[in-house]
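**Student:** Okay, here's the structure, questions in a sec.
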């Protein structure tokens with residue numbers, strides 16, 4: 001038994017090449033596709049499978065968008081759980097620790113705790129009116145942080161109690177692995193949902209820009225690729241990188257133009273307590289109203305226009321696509337490095353021809369955080385529902401004094417008519 | 001008296017040797033003797049066991065005295081001390097990582113670890129400073145811009161570090177580099193977040209900083225003493241020196257200690273008032289009208305205790321009731337932080353985190369039980385004590401759009417009418 005610890009210690013120190021490769025992933029292509037493509041050679045077959053699955057995923061994406069915000073939230077949640085599962089499974093394989101006592105239950109338990117914490121923070125904000133009506137929910141919301149912390153602590157104590165002699169190091173590794181994975185997958189997915197509530201356009205444009213960059217960089221690389229970009233991913237080239245950048249910016253511009261016209265995409269998602277559904281109806285904010293911009297003299301000669309009608313949002317889409325093309329790929333390199341470090345070809349075999357869910361989402365990793373930070377820094381002021389929630393928690397005397405201050409302010413600005421009855 | 005001390009010494013060395021044998025074959029590099037020359041000469045005549053006990057005792061007193069001095073010196077010095085402790089803990093844990101993975105020479109890695117520490121501290125200090133130094137920040141133009149786009153700037157700084165990490169990945173070292181990356185992030189999560197929660201607690205009032213930390217220290221010492229005199233049943237395989245008698249004895253003594261310390265401290269404004277930054281004098285002040293928590297109230301003693309104590313009512317500060325919750329947590333859950341650190345040391349085959357304090361090990365060794373306490377106090381304050389800050393809410397309200405303002409105003413009005421706080425009169 002002492003060998004397990006010794007072996008692990010040696011494994012840590014040996015350079016990567018000495019570590020044996022994991023056996024190649026099994027072929028999970030559905031039977032139907034296999035029969036349909038049985039005639040073609042292996043290379044063609046692979047290309048077709050990738051193509052068909054790409055189209056399937058994109059169609060699935062459009063379908064979910066059509067079905068609305070709630071379905072999108074569920075989708076994001078399922079993807080998060082699957083990504084988490086994939087990364088944890090890799091950890092088990094690396095450390096041969098699948099049979100560690102308690103560990104599987106603890107990993108899922110921590111996932112539950114962190115999700116409970118985040119959903120409580122976001123959901124409580126958006127469903128303020130719904131929550132107000134129900135006593136038990138009010139209690140849960142008021143002491144939400146305390147309850148989440150207590151749940152997390154229980155998990156922590158269970159971990160300490162589950163420490164077994166001879167397996168200490170493995171258990172600490174898996175504990176750390178779990179926490180880093182939670183940090184990566186769960187926080188990102190909640191930022192995605194918060195972006196979604198800001199307006200579907202803040203969810204669609206970033207994700208599509210990353211996908212577009214992926215595809216166009218590949219195509220440019222395929223036709224014009226010559227200079228390798230980074231040792232980590234030998235298939236990437238500078239030509240692909242730059243071509244992808246320009247195409248993504250143009251794509252973002254055009255795509256935003258179309259989406260900005262529909263209230264469905266532009267309005268913040270709100271929960272209507274009367275109809276018990278999500279609604280996206282509002283007065284479109286300034287960002288989504290056409291404005292005249294003067295074209296800079298440089299481009300005037302090229303385009304032949306003096307002014308152009310654009311949505312202000314398109315300027316923001318410029319920032320989003322730039323990030324997607326320049327920094328997003330670093331998320332992909334990070335994942336490539338990770339796969340090489342742990343000698344795996346793909347994160348999992350979930351999607352035939354593409355690998356696991358994480359393989360599709362590695363570039364999205366940084367995008368969600370960027371969009372969220374961007375929105376809070378440059379677009380959105382404080383969140384009205386959150387403000388309301390905090391107002392309702394105050395002591396009655398404080399509420400009364402705040403009420404008086406607000407009333408005098410509103411009357412001053414002429415927003416509220418004084419001596420109005422009812 | 002002397003024989004008692006010698007017995008104590010025997011108990012200590014016996015268990016030390018026991019734990020040594022558990023480390024097995026690959027023993028760590030022996031820790032060098034860090035004791036200052038002065039002490040060495042003074043104690044040169046005593047046997048090595050005595051010497052160890054004296055060194056521990058003297059250093060303990062030195063640390064406690066130091067603690068009192070910095071409390072006297074005020075919030076600014078306290079904040080600086082917390083910052084230094086945080087940096088030292090981070091350094092200790094990262095050094096252990098280097099030793100475990102023999103990765104001291106990884107390209108860029110030392111620089112990147114310190115860079116990430118800087119980024120995360122910048123982010124947290126920015127968030128705290130903006131809240132507490134609001135008026136100061138609004139006056140100075142560069143500070144105002146830094147604070148307005150704070151999250152964006154912090155994120156950009158972090159991203160730079162992330163991209164540098166990706167660019168620094170070297171073939172043959174990928175796994176080590178990812179391990180160290182993970183190690184750094186988990187360490188940041190543990191060390192930096194805790195230290196900032198401590199500073200938040202400090203700003204709430206020095207009492208919220210002093211009482212929790214003292215309860216943990218008291219529990220440490222009391223559990224050891226009870227264990228020494230009455231210890232019989234082992235508590236957990238992880239730490240063979242801990243016993244149930246020590247645990248329970250420590251619990252009751254800590255609760256009592258907490259009650260007494262809170263009683264003494266609640267009488268002084270310098271401990272109970274929130275720390276505020278005075279713009280005119282450009283310094284920290286602790287001056288206020290003590291809140292309800294720190295005003296004596298009559299409590300009825302439950303019938304059960306009446307016969308025991310002989311009093312019908314007792315005058316207490318409400319804060320003392322809260323101190324019971326704090327001491328309970330310190331005695332029951334705090335030790336799990338200690339067990340976690342013990343498990344960590346056994347997992348990586350180290351005796352102490354470092355040799356900073358002679359006889360005691362590293363800074364982390366002293367702070368392992370404090371680990372969970374800071375988070376608990378912060379969550380406790382946010383959930384049960386402090387509500388949202390009304391003036392901050394009004395500030396946020398004023399930046400909203402008119403239609404949003406109207407909506408919030410009407411909902412608040414409806415709520416107040418509902419609760420009967422506001423009559424249906426408009427001129428309330």
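Keep in mind that glycine also has a Cβ here, set from the backbone N, Cα and C atoms.
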**Student:** Of the ranges B:177-199, B:269-291, B:292-314, B:361-383, which one does TrEMBL list as transmembrane segment?
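**Tutor:** Of the candidate stretches, TrEMBL labels B:177-199 as transmembrane segment.
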**Student:** Among the residue ranges B:70-96, B:205-231, I'd like the one that TrEMBL describes as transmembrane segment.
**Tutor:** B:205-231
**Student:** Please find, within the list B:18-35, B:36-53, B:108-125, the residue stretch that TrEMBL describes as transmembrane segment.
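**Tutor:** So the range that TrEMBL calls transmembrane segment is B:108-125.
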**Student:** Let me spell it out: take the transmembrane segment (B:243-265), skip the flanking residues so only those 6+ beyond its ends count, and list any with a Cβ under 8 Å from a Cβ in it.
**Tutor:** 207, 210-211, 214-215, 218-220, 222-228, 230-235, 271-272, 316-317, 319-320, 322-324, 326-328, 330-332, 335
**Student:** Pairs 6 or more apart in sequence, C-beta under 8 angstroms, 3 or more of them: is that satisfied by the transmembrane segment (B:108-125) and the transmembrane segment (B:177-199)?
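**Tutor:** Yes, since the transmembrane segment (B:108-125) and the transmembrane segment (B:177-199) share at least 3 Cβ pairs closer than 8 Å, they count as touching.
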